[in-house]
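According to TrEMBL, the transmembrane segment annotation covers 6-26, 38-61, 73-97, 118-137, 163-189, 210-230, 250-268.
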Amino acid sequence: MEFLVIHTAINGLIILSYLFAIIMIIRSKSKVFKNAFYSIFVATGFADIASLFSVCTLRMIRTLSLGEETEDIALLAFVITYVTLIAHLIGNMLITINRYSALCLMNRYDVIWTRKNVRIAVIIQYVISFVAFVHVARGNVEYIHNDDGTTTMGSLREKEIDLIARFTCIGACIIYATVTLSLNARLLIEWKRLSKENGVPKHRHHDKGLLLYALLVFTCAMMMCLQQVVKLVATLTGNTSLGLWISLQYAWMNEIMVSIPPFSLMVLSSDFRQEIFNLFRCSRKLTGTPLFVAVPSTRRSVVERF
């Protein structure tokens, strides 16, 4: 029970941090936060927050050994978890493509990432996510009655529906990891080249941050893919204990995966850090005279476009 409380508290802190990042972007009057990158980030952020709620719900049902009275809530949580996973993968793949085109396709960037095209991309992102798992809503949640009188929530009773969902998740994770890793690698190479040509500092900490982000994204995608593979094996072999154990691991894996975007935004985006600074600076003005005032620079190299 103590672990459940701690885990739920961590989950809540991640949700609050993500909400803070989204609210900061939405409320900002700065033009930079109206571009395609931040629009997709916000759209994907809502899916990530929903996934944190749904996964937390499933974890609490399993940990507290709740029974069939939670079936409707559990089924809804299953659907949301699947949908938001695909929405997260597609959204962050779009963000990676956006970063890549900002440097490698600079002449066509404004043509590709118009406001209309961004709206279409976000709509497609959620349509694909819902269509891919609409069949899960027809399923029924399995509850296992143990010898000691407790009840454990399993997966879906219909093995066919469960298998289709697993294969869909595995395929999506593989595509996502392949695209993001390859594009981020090419982006890092191009960034180094432009940094040298423009005669600006080498931005070593930015290079390391971008590389670290690519590796974390790849690792988390592979980790989620491995989780789905193990769950698939457990379903095919009828190994209930393995299936229950790997299902419980999904919670912390998901928390790590969805916490990467806001954290990387803080590390890699100077605009976002400046916006946070401006927020606290305005708050300080309300309480007294600020000790210092930062004058933002108007000169931005092509590397700082991120």
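Cβ coordinates are placed from backbone N, Cα and C, and glycine is handled just like the others.
Caution: TrEMBL annotation is automatic and unverified by curators.
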Positions whose Cβ lies under 8 angstroms from the transmembrane segment (118-137), at least six residues beyond its ends: 36, 39-40, 43-44, 47, 75, 78-79, 82-84, 86-87, 90-91, 94, 156, 161, 164-165, 168, 172
Contact ranking winner - 6-26, 38-61, 250-268 against the transmembrane segment (73-97), Cβ under 8 Å: 38-61
